[in-house]
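A.B. asks: Let me give you the structure first, and then I'll get to my questions.
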Amino acid sequence: MARRSQGTKLHLAVLCLVVSCHAIGLSDLMERASQRSDKLHSLSTSLNKDLDSHFPPMGRVMMPRPSMCHTSSLQIPKDKEQALRVSENELISLARSLLLAWNDPLLLLSSEAPTLPHPSNGDISSKIRELQDYSKSLGDGLDILVNKMGPSSQYISSIPFKGGDLGNDKTSRLINFHFLMSCFRRDSHKIDSFLKVLRCRATKMRPETC
């Protein structure tokens, strides 16, 4: 019941945003998107902490490097200073491309979480579903934003996800699950950073305060 209620609230929030989008200014839409991305990143950070609590000792050694994340091929600003020099259209395109690239991986994580060999797999599974809800909600909000910003902001880079199996043994499943979540946390931070820069520009805040 709680799960259904939360999903309904998110759906209603998106519906209200769609219905009233023409009456809402760009800066307000940016603020709403920034709030969603902040929640997405906070939730992914919480999930990584849950996974860390029962991570095998050899996990850090065996876990793939961040450069192996499937989104690493996307050319993006490395820090805030670089992001501040990127155009609004490119930043929104990067944020949407990263978010869209996680649709399939989140489906995989959602299907694997209930049977993950981890004592908190129930909580982890619930949080993964929340991630999916917030990701969908944020994506819908960004679609509204780009419609306001114009055609030049609507380009999306296609980033294929070739993974579909976390492994057969317990250690491999935990390591690969944790690796995917660490990649998502990294990308959710980037999305959040890009949207905060866009919010600052929309509200005409000084760059150093972004």
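Using N, Cα and C of the backbone, Cβ positions are placed for all residues, glycine too.
Values in this document were obtained by computation on a predicted structure and should not be read as measured data.
According to Swiss-Prot, the record shows the following:
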SIGNAL    1-23  signal peptide
DISULFID  C69-C183  disulfide bond
DISULFID  C200-C210  disulfide bond
A.B. asks: Through the lens of DSSP with three states only, how would you label C200 (disulfide bond)?
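C.D. replies: In the DSSP reduction, C200 (disulfide bond) maps to helix.
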A.B. asks: Reduced to three states, what secondary structure does DSSP give C69 (disulfide bond)?
C.D. replies: coil
A.B. asks: Can you tell me the CA-to-CA distance separating C200 (disulfide bond) and C183 (disulfide bond), as a whole number of Å?
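C.D. replies: Rounded to a whole number, the Cα-Cα distance is 26 Å.
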A.B. asks: In sequence order, which same-chain residues at least six apart have a C-beta under 8 angstroms from C69 (disulfide bond)?
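C.D. replies: Spatial neighbours, sequence-distant, of C69 (disulfide bond): C183, R186, D187.
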A.B. asks: Using a 10 Å radius around its CB, how many other CB atoms surround C183 (disulfide bond)?
C.D. replies: 21
A.B. asks: Going by DSSP, is C183 (disulfide bond) part of a helix, a strand, or coil?
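C.D. replies: In the DSSP reduction, C183 (disulfide bond) maps to helix.
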